[in-house]
Amino acid sequence: MSFLQSLADRDRVFDFLVPEQSPVDVRHGPILYLEDVSVSFDGFKAINDLNLTIDDGELRCIIGPNGAGKTTMMDIITGKTRPDQGSVWFGSRHNLLTKNEPEIARLGIGRKFQKPTVFEALTVFENLELAMAMDKSLWPTLKARMTGEVLARIEEVLETVGLASLSRRQAGILSHGQKQWLEIGMLLMQRPRLLLVDEPVAGMTEQEMERTAELLLSLAGKHSVVVVEHDMGFVRSIARTVTVLHQGSVLAEGSMDKVASDPRVIEVYLGGDEEAA
Amino acid sequence: MPSSRLWLARPFGERSTLIFLAVLGATMALVVAANLLLAPEHPLHVSTYTVTLLGKYLCYALLAVAVDLVWGYLGILSLGHGAFFALGGYAMGMYLMRQIGDRGVYGDPLLPDFMVFLDWDSLPWYWLGFDMAGFAFVMVLLAPGLLALVFGFLAFRSRVTGVYLSIITQALTFALMLAFFRNEMGFGGNNGLTDFKELLGFDLSADATRLGLFIASGVALALGFLLCRAIVVSKLGRVCVAVRDAESRTRFLGYRVERYQQFVFVVSAMLAGVAGALYVPQVGIINPSEFSPLFSIEVVVWVALGGRATLYGAVIGALAVNYAKSVFTGVMPEAWLFALGALFVLVTVLLPQGIAGLLSRSRQQGSDDDSDTQPDTPTDTLDATPREATP
Ligand SMILES: Nc1ncnc2c1ncn2[C@@H]1O[C@H](COP(=O)(O)OP(=O)(O)OP(=O)(O)O)[C@@H](O)[C@H]1O
Ligand SMILES: [Mg+2]
């Protein structure tokens, strides 16, 4: 098994560009593992005994009403918020609770925030260039030259996120949806193993939503992807496994059809919401 | 029309650089020729007085380029760059003072006149070494550079940005002005340093020396411009723009933002120091008024008028405003500050991208010159600047 894995690893074209830290070990289980996690803000339990496992290469959708704790959960995984109790593991090797934000990012967990922030004055190409996983200290950056490898990587990501024809445009003139894709592209430049995507289609047109769905589906397999989204139609179009969060813990988990027919889910979320249709 | 923020983006292409250097070189050659070759009676003769005045403007232009580097590309609105300019000037002034030797009014072989006047009997330690040109010229870079390094260390590590940073830079130059006003500081108090005789053995009152200083100022401006351009078109320059527009996002990508700020701030301060050092022998005096907070603000106005984040805009702004100032102060000196203020308001309202914005717009309407190098993209005024690093 591990021999096969190493063969597969060797096939990766840009292996030398992968950050040098110890790889994520997913041989003995999931890529992300949260157990009995709780956090409270001024006595209010935003996350309450949360248990969640994400398998390697999985595309997982997380839904839940406003204030269910979805963003807070991402804060915990990325090290922005420290839980009061519980454990969070990345593979079987990295205890995320002992690491800070940049360390976690370097381990290969990329996060897209709810509000897209791209560098508006720079071109799409340059946005990706700056996001590339490489030495980011002063002198190497001053002397950095565009190499074939970097160029190839940027072009690959441009293709993936569908912005190749806009690569020389300034990011500031992109549509909202295109900015979201660019931001996902910037995440991909860092070669994450796990992508956390918070509300990717908020404010998008139908076509943009469709393309985003295709994009996220194409990422699954190569990366593990966790998507938080409110839009039920969108979740239905990409979901394989859906986790419903409610008051800081998992209410239901399974296929979209299964959770959608769960009476408790209907009551707290689908039923009381305009999404019921 | 693109928003001014988007416009604030583009380091210019090779072409603008060549145009800038060609215009600068040609103008300087004409001035030198008109000074040397035409008889004084000739209507196109440029007097040595004018040459020196232009040399002074070129120093201001270099200072403006330094300010544009930190303000235009990194978003640090420094209202204290006059301090770095003045420190460079004082370093040069101290060298020139010691060149006077025993030709001062009091004829003391070692002590400058003002120290004799203050009854000092020995040279303060920080004046040692300034009799050597090499040491003094190194100090021209080191004094502003070190101040910027310490200042940047304190400000950027504690993430002071925006208006607060601007206010602190004002406070910095104001504090230095008060300090240099004091006689006990040993820099000549409010009279400053003056009565210079020679620079590297050349008589400062000689026409040839003045012409040489003018040429040196132009060369320094060209080199400073090229240095800034090299920074701006490097990947580091793109990181700077990223910091300017979304600092925390840049940090999130893994860049140690404060290092970048510190590096560029120090480079900029050193350039300002060089400008000050070339300025002093041409005007013949350095005194604490160069530290005046108002002067630093004026420099920012030059850059804003010329057009931020273009480098050449800063040069245009510095030259245009200072020329206007000479004309204006000749006619009605007391109204100059009002005129400057009015100009500033008018330009920010009518020409948010400054004079450079006007130039690049008309140029693009004329020929779309730069876009043809990228046939794969739609013609667009926003990305009409090719970059050699991104084929
Ligand atoms: N830093 C904080 N301090 C205090 N309360 C917080 C903090 N962060 C989150 N909360 C609270 O925790 C609860 C969960 O918030 P969270 O942002 O995780 O919800 P969400 O599921 O992402 O909601 P939405 O769908 O609106 O994005 C909310 O009630 C919120 O007010
Ligand atoms: Mg949220």
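Glycine too: its Cβ is placed from the backbone N, Cα and C atoms.
As recorded in TrEMBL, the features of this protein are as follows:
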TRANSMEM  B:20-39  transmembrane segment
TRANSMEM  B:46-67  transmembrane segment
TRANSMEM  B:73-97  transmembrane segment
TRANSMEM  B:134-156  transmembrane segment
TRANSMEM  B:163-181  transmembrane segment
TRANSMEM  B:211-232  transmembrane segment
TRANSMEM  B:263-280  transmembrane segment
TRANSMEM  B:300-323  transmembrane segment
TRANSMEM  B:335-355  transmembrane segment
REGION    B:362-391  region 'Disordered'
COMPBIAS  B:374-384  compositional bias 'Low complexity'
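With a cut-off of 8 Å between Cβ atoms, the residues of this chain six or more beyond the transmembrane segment (B:163-181) that come close are 76-83, 86-87, 90, 151, 155, 187, 189-190, 192, 287-289, 291-293, 296-297. Among residues of the same chain six or more beyond the transmembrane segment (B:46-67), those with a C-beta under 8 A of the stretch's C-beta atoms are 31-32, 34-35, 38, 40, 78, 81, 84-85, 207, 210-211, 213-214, 217-218, 220-221, 224-225, 228, 268-269, 271-272, 274-276, 278-279, 282-283, 299-300, 302-303, 306, 311, 314-315, 317-319, 322-323, 326. Across the candidate stretches B:263-280, B:300-323, B:335-355, the maximum count of CB pairs under 8 A to the transmembrane segment (B:20-39) is reached by B:300-323. Just going by CB pairs under 8 A, the stretch in B:73-97, B:134-156, B:211-232, B:263-280, B:300-323 that sits most against the transmembrane segment (B:335-355) is B:300-323. For the transmembrane segment (B:73-97), the most Cβ-contacting stretch among B:211-232, B:263-280, B:300-323 is B:263-280 (pairs under 8 Å).
Contact count against the transmembrane segment (B:300-323) (Cβ pairs under 8 Å) is highest for B:211-232, out of B:134-156, B:211-232, B:263-280.
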